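Notes for the one structure printed next.
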Amino acid sequence: MAGQGDCCVKVAVRIRPQLSKEKIEGCHICTSVTPGEPQVLLGKDKAFTYDFVFDLDTWQEQIYSTCVSKLIEGCFEGYNATVLAYGQTGAGKTYTMGTGFDTVTSEEEQGIIPRAIAHLFRGIDERKRRAQEKGVTGPEFKVSAQFLELYNEEILDLFDSTRDPDARHRRSNIKIHEDANGGIYTTGVTSRLINSQEELIQCLKQGALSRTTASTQMNVQSSRSHAIFTIHLCQMRVCAQPDLVNETVTGLPDGAAPTGTEYETLTAKFHFVDLAGSERLKRTGATGERAKEGISINCGLLALGNVISALGDQSKKVVHVPYRDSKLTRLLQDSLGGNSQTIMIACVSPSDRDFMETLNTLKYANRARNIKNKVVVNQDKTSQQISALRAEIARLQMELMEYKAGKRVIGEDGTEGYSDLFRENAMLQKENGALRLRVKAMQEAIDAINNRVTQLMSQEANLLLAKAGDGNEAIGALIQNYIREIEELRTKLLESEAMNESLRRSLSRASARNPYSLGASPAGPAFGGSPATSMEDASEVIRKAKQDLERLKKKEVRQRRKSPEKEAFKKRAKLQAENSEETDENEAEEEEEERDESGCEEEEGREDEDEDSGSEESLVDSDSDPEEKEVNFQADLADLTCEIEIKQKLIDELENSQRRLQTLKHQYEEKLILLQNKIRDTQLERDRVLQNLSTMECYTEEKANKIKADYEKRLREMNRDLQKLQAAQKEHARLLKNQSRYERELKKLQAEVAEMKKAKVALMKQMREEQQRRRLVETKRNREIAQLKKEQRRQEFQIRALESQKRQQEIVLRRKTQEVSALRRLAKPMSERVAGRVGLKPPNMDSGAEVSASTTSSEAESGARSVSSIVRQWNRKIDHFLGDRPTATVNGGRPARKKFQKKGASQSFSKAARLKWQSLERRIIDIVMQRMTIVNLEADMERLIKKREELFLLQEALRRKREHLQAESPEEEKGLQELAEEIEVLAANIDYINDSITDCQATIVQLEETKEELDSTDTSVVISSCSLAEARLLLDNFLKASIDKGLQVAQKEAQIRLLEGRLRQTDMTGSSQNHLLLDALREKAEAHPELQALIYNVQHENGYASTDEEVSEFSEGSFSQSFTMKGSTSHDDFKFKGEPKLSAQMKAVSAECLGPPLDSSTKNITKSLASLVEIKEDGVGFSIRDPYYRDKVSRTVSLPTRGSTFPRQSRGATDTSPLTRRKSYDRGQPIRSTDMGFTPPSSPPTRPRNDRNVFSRLTSNQSQGSALDKSDDSDSSLSEVLRGIITPIGGAKGARTAPLQCISMAEGHTKPILCLDATDELLFTGSKDRSCKMWNLVTGQEIAALKGHPNNVVSIKYCSHSGLVFSVSSSYIKVWDIRDSAKCIRTLTSSGQVISGDACIATSTRAITSAQGEHQINQMALSPSGSMLYVASGNAVRIWELNRFQPIGKLTGHIGPVMCLTVTQTSNQHDLVVTGSKDHYVKMFQLGDCVTGTIGPTHNFEPPHYDGIECLAIQGDILFSGSRDNGIKKWDLDQQELIQQIPNAHKDWVCALAFVPGRPMLLSACRAGFIKVWNVDNFTPIGEIKGHDSPINAICTNSKHIFTASSDCRVKLWNYVPGLTPCLPRRVLAIKGRAPPCPDLPPPPLTLPILPFPVFPPPRSELLLHVT
């Protein structure tokens, strides 16, 4: 076929501009284009190279002219073409292709298809017009179009007007077929014949509007189908005749058509493919029909990607190309790997939120570059045959011409070859070029020598002048210029003389050869012979010269036969070189030969004969001497060659002279005729004058004089004209002379310019080569660096994989060890009592317990036989597989030891198969881990992008607020400045998020490169190298692995269902308990208004309207208790815990109902509830003041909160392993019928230290930071029935060595206490239970509870000047007025807003996150005067003026969140603020009289701590700082320097610092619960005491006591014991109860009746308990 060839699919990348929405949301551009190179960079350093790359500012016209214009021109030559637009949804594919006609577009915004249509019809008109101008038959064109839509894998015809647009899901009748040549065509498709551009545009618009589009979250008008617009072009034109045929065969001029006109038919089709965008359902938000469309689109694109991967496989491993997997790939089979010129335009988005889609699109397009198409011209068979024959004729004609010209010859053996003349000509041309180079080099050497001579002569002249004493630089320069000019003139003079001599000799030769040329003078025929005679003579001379030349050629042939050919070539070259040096002798010989030719021809003939005979004689004489013979031959041959050349030159000159003679002849004849006419006119004038003179009758003297004067005047005028003409002639001669000189100079300058250009070209070429070499070296180095980086990443990845594998193995080993130990315990013999207890089975166990027990037993049994059975099964399979017969089993089914024969082949087989399976397993693990990593990184990037969008919206709102404030009150500088600061903070956060997004993108790119490396090691190599037996073994392993994974999934699902069932059951139990409690309290509340008010508050807070309402919430206590009940498998535990906890709670309530009436004089609800303190049952009493029982009772009356979550303690308690249950089961606790002792629960365990790097904590979100991590996922009830009380504690004997003595303990909070503040009369505490309590230190009672906080209360302060209490929770500061029933009067926010009243009153559940634009407040401090409030929020401290409740400034300078601060006053009554942050630094801020705006730190204390700062304390000029690095530092505020530091002051975080009242002693408390006393002066320890079993969160003092708040929900009051020496720490035992018993005795037990059947809650009327 004509024009066959391979061409690769070209790929262009277009980066669309950012949308306004993306700019508003703060999306950054993650792509960049290398200037001048078709390369696009994604992220930081991931580069992709394509054929074309178009950046953001590229116009439609540029894309079309660069990519598609050549394809349209190719269609006119019969080549198919395809343009594909690929990319994600909203990347600009439809806009680029130009199929979106839903809006009016300008001409500049027209896409590829409208421009291609215009180009097509413009080309048709141009070709018709060109043919008309040449006068040949114009081509005929036929254009047709089709428009197909692939919707949900169904082909729809968009030109079919009869199709129902709503019936898209019906099957269409369009079929795809393949012709004999592999071309794809469709049947059942409407094909419209097109006659004009407007008609085709209208068809395109009609089809585009019929295309399926819909709206998604990513694009308002999203294409929901693939569209293929096809243009078919059929062209019939006159066959183009080759130039060789026109000139040599037909004899017609080029371009003229021959008489027999032949036509050829060309066809072409052009596909314009607008693919639908690749989608992610979670980004498009598609559901229902849109989701199905997206799935279909992605399936088609996946099939297209598989085809591209198969075609672009460089290793050529893929034999089958899956074209039939999708109708899309079937339709595009021509375009991908077939007969088509294809270009793919990949449209991508530059925004970083589309990073993954952009990366996938670029990788997709990069694979398409490797596809090679086989492009041929689509001709009919007749035209193809004619073209082939015409090409054959042209080739034969060219070969014939070469034979005629002597270029080709036929050897004796019949082989073709080139003639000697052709080879000689080529050799001479090469030699001529070498001589030219030599002449050029010599000329340069001459110029250099001339410059050197000039320089030397000038130096000589300068020396002479210097000796004469007249030396001067100007004179020397002038002399040098003169000498240079003299040398140049001398050189030109020599050249002119040589040229003059050459011309003179040429003229003498011409005059000697052509004596008749003198007769052709302008004098006319009178001075020579006739012109005809001279012409005949010249012709005769030429004829004779040609004869002479033929004779010499024959002589040379004879000589050549006698001399070897090789030596002749060498001698001729040598003689020609010598000939150039002996010019004078040759010229003399030429003159003699010319004279001989022009003088006497007969004598010349005789001389020639004599020369021939002489040469023959010399040849005969030289036969005796071979060397002389050879030399003579070569000399004669060279002479003949030179003579032939001279004769040839003479003949050429004669012919030229002949032509010049003819020209002169014509000129002289014309001039002669002109002169003859002039003579004739003069004679006529003379005759006329004579006639007039004769006829004159009266001739007077006067008239004669007049005539004479006229003639003289005319003569003078003619003489004057003659002089002018002569002057003009001289001027003309001078100009001609100057012109020749100018021409010589011009030629010389042109030659110099040409040489300079050549030198420039050589230098440019050298520079380009050097640059290319440097680029190659740099590319190689970069490739090596990238390879090393990849190797490093691969090794790191392998290390991580090995570490993970090791951890997994350790976990599996630990689990197996536990199973083995459990099985061993099961195998131990049991006592009869235990065995009997095991035999007992509870009659009605709940479903959860049954499932748990069955699961446990099945796990135990399966664990006992899992290892051995798997090993036996595996051995049997291997034995059966290898052909070994198993031996008999002995000892109850245990296989006996087999005697295997030694078979090296089987051993090697098993080892090779095992190695292959291990390699495949490692590969699978690597792929899974890598994909998990990529998915996690994508999730992180999406989360960061969403966070950035939120911050941008907030920033935009603040900007609008600032603009509004500027417009309304421009003088409000304070508010504007605060808004500007907040905007700056948001901008900093956005920059940090952008950096994090960039890091995620870089990591994803690195992982993708590693993924490509893993993909390169294809598992098909391992699988293809397997034998049949190995393949079976691998298949068996895969089957086992899949079964194991399925089993794990089923177990996880069963666990989830079990937990869901427990959750529902707990929900129902809690609901019923709450209803019963409310009903019981309502009955009791009829006589007690206080209880009625409490019940009303509880219902209002928790949303209970009536007892009939179904409640889905559940309490913390019921959740943990029900889990405990279900988790126990012991019979004892079941008998105790099988009775629902509701019964105990109902017993408590009923006992209260049946007890003695309350004292009527007691009106306080606290006193009324205090009657519930003593509850007796079965003759045994217990005190609710005991924290354990009090906690149980408090849970009884606590009601759930909506939206509550499971507490950590309950989650930890419920997750009891079967092993733990088995331990309790095996121990077999005895049943006690009379009493059952309880031990108080241990304190909550201390929090484990965060193992993260401290610097990573600094960069964490500031809103998540809080002092001592005071955040809890759990929630508690807002309603507390019991009020707190301060219980005095008697000092234990032998406690005299402790520096502190605990005197009282305050209890009342249900969660850890995080903060406290105290005066001499009042104590304020804040807890994780979202409440604050106010205590009366005089009476030891709780005064009020300040509730309604959104989260943990992390800081509380009391202002004695104003009587206000400030409490901090989340991002809010509540201001309480305790003088007026303790109500919240204002709410301050971290952003500086002031809200009247309680802004959190509607918050019934725990708020885990802060509001938008707010930050977590970690601590606050009051100024000593009480007029300023300093609030640490984020990495700044906001200053509030309490007189107006307005923010007036900010303290900035920290990088991390500010965790603590303290305030003191300087000598000039100015506030001095010291802050500590997570960035390890302590900063000091000294404030002046006017505090406004942003204030920077006065001093940064160096060196910093090794971790975050937790607490600060100031006494005088001494500052103490405690840190998470377990150390305390002592600073001097005056000198602003470090005095002393103790690195390990505690074994855990230093959480609180304070001073002993009235003494120079420092108190420090840590997270381990220890309190240390230090001497302030020398910073030495005085004593240590174990203050709490849980972390101590805060410490404060008043004038008498020391208060410590701990996570054990208690506040202890301490007194300092004076006069003690440093001692070892001792444990402080908290004695519970008003009448404290012995500390070592357990609390009074609670006895419950043992029932042989499960206890269910009785009806309400039967809720009776007897108190004994």
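Note: Cβ is positioned from N, Cα and C throughout, glycine not excepted.
Feature annotation (Swiss-Prot): of 837-866, 1257-1286, the stretch labelled region 'Disordered' is 837-866. When T103, T287, T583 are looked up in Swiss-Prot, the one carrying the note phosphothreonine is T583; the rest have no such note there, which does not rule it out for them. Per Swiss-Prot, the residue annotated phosphoserine among S580, S615, S1016 is S580. Looking up S969, S1217 in Swiss-Prot, the residue bearing an annotation of phosphoserine is S1217. Across the repeat 'WD 4' (1453-1495), the DSSP tally of helix, strand and coil residues reads 0 helix, 23 strand, 20 coil. The average pLDDT the prediction assigns to the repeat 'WD 5' (1504-1541) is 93.
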